[in-house]
Amino acid sequence: MRAPVLAVLAVLLLGTVRAAMDECYEEGSPQRCMPEFVNAAFNATVVATNTCGTPPEEYCVQTGVTGVTKSCHICDSGQFHLQHGAEYLTDYNNQAEITWWQSQTMLAGIQYPSTINLTLHLGKAFDITYVRLKFHTSRPESFALYKRTHEDGPWIPYQYYSGSCEKTYQKFNRGFIRTGEDEQQALCTDEFSDISPLTGGNVAFSTLEGRPSAYNFDNSPVLQEWVTATDIRVTLNRLNTFGDEVFSDPKVLKSYYYAISDFAVGGRCKCNGHASECVRNEFEKIVCNCKHNTFGSDCEKCLPFYNDRPWRRSTADSPNECLPCNCNGRSQECYFDPELYRSTGHGGHCTGCADNTDGPNCERCRENYYRQDNNEPCHACQCNPVGSLSTQCDNYGRCSCKPGVMGEKCDRCQPGFHSLTEAGCRPCACNPAGSTDECNVETGRCSCKDNVEGFNCERCKPGFFHLDEANPRGCTPCFCYGHSSVCSSAEGYRVSSIVSTFESGVEGWTAQQRDGSEYSLSWVSDSSAVSVISESYFPIYFIAPAKFLGNQGASYGQNLTFSFRVERRDTRLSAEDLVLEGAGLRVSVPLIAQGNSYPSETTQRYIFRMHEATDYPWRPSVSPFEFQKMLQNLTAIKIRGSYSERSAGFLEEVSLVTAVAGAGPSAPWVEICSCPTGYIGQFCERCAPGYRRENPSQGPYSPCVLCTCNGHSDTCDPESGVCDCQHNTAGPHCERCSEGYYGDSTTGSASDCQPCPCPGGSSCAVVPRTKEVVCTNCPLGTTGKRCELCDDGYFGDPLGENGAPRPCRICECSNNIDPNAVGNCDRLTGECLKCIYNTGGFYCDRCRDGFYGNPLAQNPDLKCRACSCNPYGTVKGQSGCNQVTGQCECLPHVTERDCSACEPGFYNLLSGRGCERCDCHSLGSTSGQCDVRTGQCECHPGISGQQCQQCEPNHFGFGPEGCKPCDCDPEGSGSLQCKEDGRCECKSGFVGTRCDQCEENYFYNRSGPGCQECPACYRLVKDKVNEQRGKLQELEDLLKNLSTGEENITDQAFEERLREAEKAVNDLLLDAQSSKDVDQGMLDRLAEINTTLSFQLERLQNIRDMIRDTDKQAQEARDRVENTEFIIDSARVQLEKAKMAIANVSITPPESTGDPNNMTLLAEEARKLAERHMQEARDIEKAAKEANDTANEALRLLQKTLASENQTALDIEELNRKYAQAKDIARELEKQASKVHAEAEEAGNRALQIYANLTSVPSIDTTALQNEADKIQKEAEELDSLIDRKLRDYEDLREDMRGREMEVKNLLDKGKTEQQTADQLLARADAAKAQAEEAAKKGRETLQEANDILNKLRDFDKRVNDNKTAAEAALRKIPMIAQTIAEANNKTRQAESALGNANADARGAKSKAEEAEALANTVQKKAATARAEADNTFKEVTDLDGELQDMLQQLQEAENQLKKKQAEAESDEKMAEMASNATKDAESNANNSKKSVNGVLATIDELLSRLGQLDSVDVGQLTVLEKTLDDAKNQLRDSDLDRKLAELQESSNLQRVALDSYSRDIDQILRDIANLEDIKNTLPAGCYNTPIIEKP
């Protein structure tokens, strides 16, 4: 579906491009143009650091307003319809078929602080207008945008989005930038950080929104840089959640992940206003199609010939096109010259001017050329280089001649002069560095040192370099690891020294005996020295540390210097006082050799030259090559430290002169070799490409030989010789065909190995007899001679016999087949035919009906298992189960996977209708469970019934502890069954809770039928007692009113009450007195009563004991009440926790979103019930207290009655009755306490039940909190331990830092010492500078004296007199003239040599290019190398041309100056002496210039030097000097620079054309490869018609 859409887009884009071709010009005038505005991210590659689907994983989609509803799906990168890769971020955004990228879920750890990066590579810089993201899930809580302004550059923050800006990104939440602030700073906003919407939320970032300079964009480089980006990165930091992830529910965690359906970047291809479109170049890279004479990927540069003004960005006001250079039609090349632009307003500086012209605009003639008219070409002056003062002529072509020379071109001598040379006859010009004596008095030839040659000993012999006066052999032999005898002094090296000062220690020096054993070494801090003391006559040596060893080849011919003294001058020298070891060699020398002194008690300086010459008697004698080889791998320097027994030797400062790369005083003794074929490197130490070591064990000393590659490679590994095989060959020497090719590779042609006609480039073989090519290694899954068939276990149609060709793929049977079986799947369709492990389906990817499990599990035991559903607990007609979990469909209140058990609190599974509820009474049963078959509940003692809902017969007090037995007295009770309060129904005359006592005024007759009424007289007593009880009750009521204060009693009322009480007491007293008047019978009866009273006293004591027991029971009741309160409080706490948890969760049921949920109501009801029970407990406690007070009051009244002795047995009976009441109240209190306890337990149970009902919300209970607290405590303890360890580590670090501090202090001291040394060196340099300035001053004074003498010289003839003034002026410029001549000749040689090398390099490059043409298929690397070589060659030619121009200009100036000296040729002795002194200065300046060719420069310097040493002018010697200069001029003239430059330019042009052709061929090949890769990538990776196994 996407292909037609892309085709339409391509047609639209093509039309847009064609329409935009002329947007950069309007009627021929340039104007600002820009590429079209595009989605730069469309079909661009996005790299994601995390993507779901590997391995397949489940995710859940949140729906609804709050995301409560979830549907779960599978993300599988191996299945097309289930994958969500990063490529879906930038594909076509089809709303009808949405595709999206998706990360792993929070269950896999995707949450802050872990992050996910989505990196978009645009392939080129774009001006970004906006970045838009469309999220398939809810937008993140925190994410950020970053950009890069160039490839491989740093990531720059672009924008932050976060609901917690300060916490997450340390940024304030704001959406704009104030004027004056940095406009390139990224802002943070919470605009798009809400969790809603759950899908389809957009985030659009505008790059210029909120930035003050956006309205002046063209004049804001800051914002121009801000909108530029080559790459965009989205960093996802924190997911948005509903907060329910804290409970770690897997299903909840699977619902949180990142998912983005569209990633768009709006902008324009960045072309700086100089292009209207972007295209792909030959390397398939996006670049601007530049106009306005610009080029570059962003049109950021001017074309080579359009440099007349600096490049600028095009604006709406000015297109700022690049302007062409003004070269007057004589050049097509130029560069931008800033200085020229500042001074003239035009910066185009022309190069390569034609017609021998020069100047920034080719407006004048080159040096040594002239013309009479500006419109004419310039002609060569052709001045004789020997006889002319300058090679530059005037506008008429006339040259200025030297003294004694004549002719228009100064090509012949004047009369009286001969031997036309540069300066006439001059003194003997022997070079002091290369000669040993003066020259031959007759021939002028000098006597040279051993390694020096030349007429004046001015050059080194072949195989030697660096002419050095201090070298007894004159020149140093070339080392070059023995591979070359041609070398010269290398540039870029400076003099350096390896030094040990012993100011801070031994600095790595050790001591050894002669046999190599270690010896004690001491550091003498006072004198900054190290010392050894020998206990015998055997010498002890100081051993140099590693910095003096290794590759010390740069110290060859230099000095090893050290200071040494002995404790006692009793020395016995030997031939091995100084020993050098290395490369298997060992040489030594006595201490007094090379002019050094005997050791003494005073410190002396010893200097040894590291040279094998006989003047420095190193023994044994070795060749120069062996000595240098030893220094290349110096392993030991041993300085003898003891020269007598028990005498100490002290070694002080040690220094070894060497050379290192860098700026400073040059070190000309370092060589650079001219390597023969097969060698490269400064010292020819490496094999050239195409060569290898003949003997790798010899390292750089081994010869290099050609690679042996059977004609299939030009290069090989220089060490191992393994070839870089081409032409489809392989092997160390390309002796066989590569895998996938066949043939004979030893033939040596490019077509030796042909590709095997096998799929996938697999290997093949040729049948010798039939010559038939047969595939030997078919791709996995194929078979046949040409791999045309699918193998067993694979399916497909490789030849397309049944439709479109399809590659063979392995049958996907989910590992649920027998791999040893044949025919597991259909070879054409791939359908699995032999599923095992109870699996089925097209791919054996689901369980068979009646089975469940994970068919994709690795363990067969965990695959599909039988459902085995219980027939009694399963819904009728359902034989299967859930294929994933195995859960059978159970009847109501039936549980377990196989529906084999009732839920807790249910029974009767065998009914086939589901389980029935037990309905056990909450107080009567021990638990809510019952017998699963009968339904009988487990009852408390004394309780019966199937639901434990009633007491057993003859029991009472139904409660959580069971029922108590009535224990009714069978004699006094009408029935053994008591009432609910435990009181039995008594017969007449019986009282008491158990009917075991007689009623008042009744007595127990043991022989009679129970309790019988007392005689009638006792009724009077009873009546009186009742009367007293009434009064006592009134008194109690009065006291109660007084104690409770319910009435507002005034004083009068209180007194009235007191009077009434007093009256009642008096009446009572009168009644008591009247009782004395009774008859004797009454007295007798009172005696009986008295006897009875005694008995009652005993009972009273028992009553007291019982009262104490009652108090104890009351206290126990109070304790139980307190326990009950504690249980209620605990229940309240649990309820509050549950309530808080419910409030925090705020679950809204699907059927209602406004009413509180049932659990909250139940929790509130339980809370109220607990509070009500708690109030009842308080009331019971109050009643218990009142009962206790009543018992105490009864005891007090009883004691009062006993004390008065007037109380009657009726009072005792009253007390008994009150005691019985108190006891009953206590029992009732106990009963109520039990009831409250039972109700509290029931409330607790209901709270626990409510708590248990909260399983659908997070499990918040005290156990979990306690476990969490324990975990936190454990973590705290671990943290404490970690802190302790860190403290110990910190202490260790402090100790280590103290050591480091000492080291730093030592280094600082050493640095100060080195600084002092540097100061000393600077002081010495300043002194040398002062001496040089003094010498220069003396030179100027001498020159002034010479000028004074010159003013007094006589005139030779009329011509001399006419030019005397000019001659005097010219004479003062002799030093500059001589220096100019020297530099001119030097640069002439440099130009010749460089041009020769450049020409050779060009020919070599051309040859390589021709060879590369034959290898076009693999030429990319060589073509790049050839192009680089051509560029380097062209650069060298350009540089040489510039140097040649400078040289010719200097020669012109020299000739102009020498021409003015023509009249002074016959100067007298004083004039020659002055010229000689001036020439010395020229020699000094010439020696400081750079020299590439030592021959000519050395010759001129030596001539000038010898001239300065003569006291008079020798005409013969001047002739020799002039001849030498003449030769140099001829070399310059014969060099034919113009022709060579033209040839080199032509070769470079041809080479560039060839390289362009190769580049085009390579680009075509690369495009073909890319096309094949695209075709390969479009092939399906799997079967797209895979049926969905399980609907989400």
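Backbone N, Cα and C atoms are what each Cβ position is placed from, and that goes for glycine too.
Feature region 'Disordered', per Swiss-Prot, maps to range 1456-1489 of the set 62-95, 436-469, 1456-1489.
In the disulfide annotation of Swiss-Prot, C918 is paired with C930 out of the candidates C902, C930. The record in Swiss-Prot pairs C790 in a disulfide bond with C808, which is drawn from C808, C811, C813. According to Swiss-Prot, C325 forms a disulfide bond with C334, chosen from C302, C334. Comparing C-alpha positions, C362 (disulfide bond) sits nearest to C302 among the disulfide-bonded residues C302, C869, C978. Cα separation, C410 (disulfide bond) to C353 (disulfide bond), rounded: 29 Å. When each of the disulfide-bonded residues C302, C709, C939, C978, C998 is scored by how many other Cβ atoms sit within 10 Å of its Cβ, C998 comes out lowest. By a simple count of nearby Cβ atoms, those within 10 Å, the most crowded of the disulfide-bonded residues C446, C966 is C446. The separation of C278 (disulfide bond) from C446 (disulfide bond), Cα to Cα, is 73 Å. Model confidence over the domain 'Laminin EGF-like 8' (867-917) is summarised by a mean pLDDT of 89.
Under the DSSP three-state reduction, C709 (disulfide bond) is assigned to coil, being neither helix nor strand. Cβ environment of C269 (disulfide bond): P35, V38, A40, K124, A125, F126, D127, A275, E277, C278, I286, C288 lie under 8 Å away, each six or more residues apart in the same chain. When the disulfide-bonded residues C322, C413, C430, C764, C888 are compared by Cα distance to C709 (disulfide bond), the shortest distance belongs to C764. Nearest neighbour of C948 (disulfide bond) by Cα distance, taken over the disulfide-bonded residues C302, C430, C764: C764. Distance noted between the C-alpha atoms of C978 (disulfide bond) and C998 (disulfide bond) is 18 Å. Here the candidates are the disulfide-bonded residues C322, C353, C430, C869, C939, and by Cα distance the one nearest C966 (disulfide bond) turns out to be C939. Annotation for the disulfide-bonded residues C278, C410: lowest Cβ count within 10 Å of the residue's own Cβ, C278.
Here the Cα atom of C939 (disulfide bond) is found 34 Å from that of C869 (disulfide bond). Distances between the Cα of C413 (disulfide bond) and those of the disulfide-bonded residues C302, C353, C756, C869, C1011 are shortest for C353.
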